[in-house]
Amino acid sequence: MIIYRHVRKWEKVYLILLFLVLAIIATVPAFLGGYFKVTYDGGVHLTRWESIYQALKHGKLPVLVNFIGFQGIANAYTGLYPWITSLLFILPRFIFTTNPIAALFCGFVLLNFLTQIATYFMMHEFTAKKLINLMGVFFYQFSAYHMGIMYARNAMGEAIAYAILPVVLTGCLRIWRREKLGWLVLGVGMGALINTHILSVLIVCTLLTITEVVRLFMKKFNIDELYLFCLAIGVAVLTSLYTIVNILVLYLNNKGINTPGHGLFPVGGWDVIQALFANSIEDRPLIFNIGLVETGMLVFLGMMMLIKKRGNWRFWTAITLGIFFCTLSWLPLQKSIFVNSFFGNIQFLGRMLAFVSLFLTISVTVFFEENAVLDNNRIVVPVLLIPLTLMSISAVYSYHITRNDDPTRYYISTAKEYQKLVNKQATGGDYIIKYSQVKGKISDLADIKKVGKYNSLSFDFYNTSKSNKRHNFLVVVYKGLNYHISVNYKGVKGSAPIFRTTLKPGINHIRISMAASLREYLTFTIMLLSNIFAFYILLFRRKGIRICSKKGFFKKLN
């Protein structure tokens, strides 16, 4: 009895410790040997984070273009790729100032920890049994797809979005059940998603639109629900205002911005079967997968649908199976009519496996809850979770120790190697304005010695002509941003889409700089205060986040 009281008293502390241990377990394999394996995407993210870190270190908001790295192109990664939630990785740099690898390790631990916390609260919408809840956490955290986007692809925007999806779904469930503050939960979740990964926002909005259309035809959608979703939209806008305004300013003022390409590359059925049994999480779209254990569980639930004709788990399993089959090459989604449409933004159909993992987690949880699976068969827990965890971390380690599996790979273990990566090696051609109409030769800065800081780019250029000559440089200039450009210490005007200027014979010194505008500081302040207020209501008011009572688990969605 004394032990039971002790456990009950310190239950939340033990739970937090468990999640922290699991987060460390999920992170360590990617750093064994004292190094981290970086992909092309990883180089992009580390470089853009370095610009943000340097700006914050100097007490400034980051400018919207990146003067550090990317061979001096100065494209607007900071302005067009949301960075607010990336503070999970940026803030540890202030602790580990001389060890960016340790800061990166802490960032992954924080991300995995928050993924589990979000999943745990979502699971409360379906079960009051902590063991079943924890099974859901394990399934979502140790999905092979989750480990792949973090460590094999370094798709950090998508990885952070993966942690936010449970919050978004929790908000939707509470709106559909007409529960208090469901709109606020959804608004905060969508705001965080906007501050993370715009493509994930587009996918979620598409799925939500389809869901609401179905509910409309089923006569479950009414004016009250519309009102709650409007409130959620308002919260989402306020809690991501800085990001939204920056993106709008850049896109509305500049035509022909080069966004990531369209595509609907599928997952290959036979290829993914081979990858499952090889326990592979390689960053090849053809073999994106959720892991052998989770795929086996999905097949099992599909078979159970043929046997058991009742249960809410059937609904979630049907959604999971539907999305899963849409990722495979068996459907003719690679036709140009689909690729060139709005849906082409998805690029890889395997991206939908994040939603497969999410809905499979719910399917397993609800199946175990409704069929009382663990009441007399608790052996099921280790039988499922031990192989799931071991295979997940083993897949990460196998990928981690495989060298030179792609031409673009970096293995960073020291601050010097990190600085070399972000300042010289990483490349990124997204968000450049199309400049094909520019006449004359265009000089890039790849082989020119330059100094890139968080707010400026400077370099010397030798004009071989014996007279003044106009030169074009592959340095992007965006309309709507306040550049300060000097040539030989005299101010000049910059014109989009790339930097063009007249140079005297011989050596010319060029400096391009920028500072965050008043608009950026204002929208950032509004966003920050909105988030603080929303989280205060949700976390510190006793009736903010209310866990569903057991009677209300599967209350009919009106």
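Just so you know, glycine gets a Cβ as well, placed from its N, Cα and C.
So that you can see what the record holds, here are the features copied from TrEMBL:
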{"type": "TRANSMEM", "residues": "12-36", "note": "transmembrane segment"}
{"type": "TRANSMEM", "residues": "67-90", "note": "transmembrane segment"}
{"type": "TRANSMEM", "residues": "102-122", "note": "transmembrane segment"}
{"type": "TRANSMEM", "residues": "134-152", "note": "transmembrane segment"}
{"type": "TRANSMEM", "residues": "159-177", "note": "transmembrane segment"}
{"type": "TRANSMEM", "residues": "183-214", "note": "transmembrane segment"}
{"type": "TRANSMEM", "residues": "226-252", "note": "transmembrane segment"}
{"type": "TRANSMEM", "residues": "286-306", "note": "transmembrane segment"}
{"type": "TRANSMEM", "residues": "313-333", "note": "transmembrane segment"}
{"type": "TRANSMEM", "residues": "348-368", "note": "transmembrane segment"}
{"type": "TRANSMEM", "residues": "380-401", "note": "transmembrane segment"}
{"type": "TRANSMEM", "residues": "521-540", "note": "transmembrane segment"}
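Spatially, the transmembrane segment (521-540) is not adjacent to the transmembrane segment (102-122); fewer than three Cβ-Cβ distances between them are under 8 Å for residues at least 6 apart in sequence. A contact between the transmembrane segment (348-368) and the transmembrane segment (134-152) is present, since 3 or more of their C-beta pairs, 6 or more residues apart, lie under 8 Å. Using a cut-off of 8 Å between Cβ atoms, the transmembrane segment (183-214) and the transmembrane segment (12-36) share fewer than three residue pairs, counting only pairs 6 or more apart in sequence. Comparing 12-36, 102-122, 380-401 for CB pairs under 8 angstroms to the transmembrane segment (286-306), the maximum falls on 380-401. Long-range contacts of the transmembrane segment (67-90) within the same chain, counting only residues at least 6 positions beyond its ends with a Cβ under 8 Å from a Cβ of the stretch, are 44-45, 47-54, 56, 103-104, 107-108, 110-111, 114, 156-157, 160, 164, 192, 194-198, 240, 242-243, 246-247, 249-251, 257, 422-424, 426-432, 444-446, 448, 450, 452-457, 459, 474-476, 478, 512-514, 527. Beyond the transmembrane segment (12-36), the same-chain residues lying 6 or more positions past its ends with a Cβ under 8 Å from any Cβ of the stretch are 101, 104-105, 108-113, 116-117, 120, 134, 137-138, 141-142, 147, 150-151, 389, 392-394, 396-397, 400-401, 411-413. Within its own chain, the transmembrane segment (380-401) has Cβ neighbours under 8 Å at 25-26, 28-30, 32-33, 37, 131, 135, 138-139, 142-144, 147-148, 151-152, 279-282, 291-294, 297, 373-374, counting only residues six or more beyond its boundaries. The list of residues near the transmembrane segment (102-122) in space but at least 6 beyond its ends in sequence, with Cβ under 8 angstroms from a Cβ of it, reads 15, 19-20, 22-24, 26-27, 30-31, 36, 46, 88-90, 92-93, 95-96, 133-134, 136-137, 140-141, 146, 150, 159-160, 162-167, 169-170, 361-362, 545. Listed as Cβ neighbours of the transmembrane segment (159-177) (distance under 8 Å, sequence separation of 6 or more from its ends, same chain) are residues 85-86, 88, 111, 114-115, 118-119, 121-122, 125, 140, 146, 149-150, 183-190, 192-193, 196-197, 200, 204, 208, 211, 215, 220, 225, 228-229, 232, 354-355, 357-358, 552, 555, 557-558.
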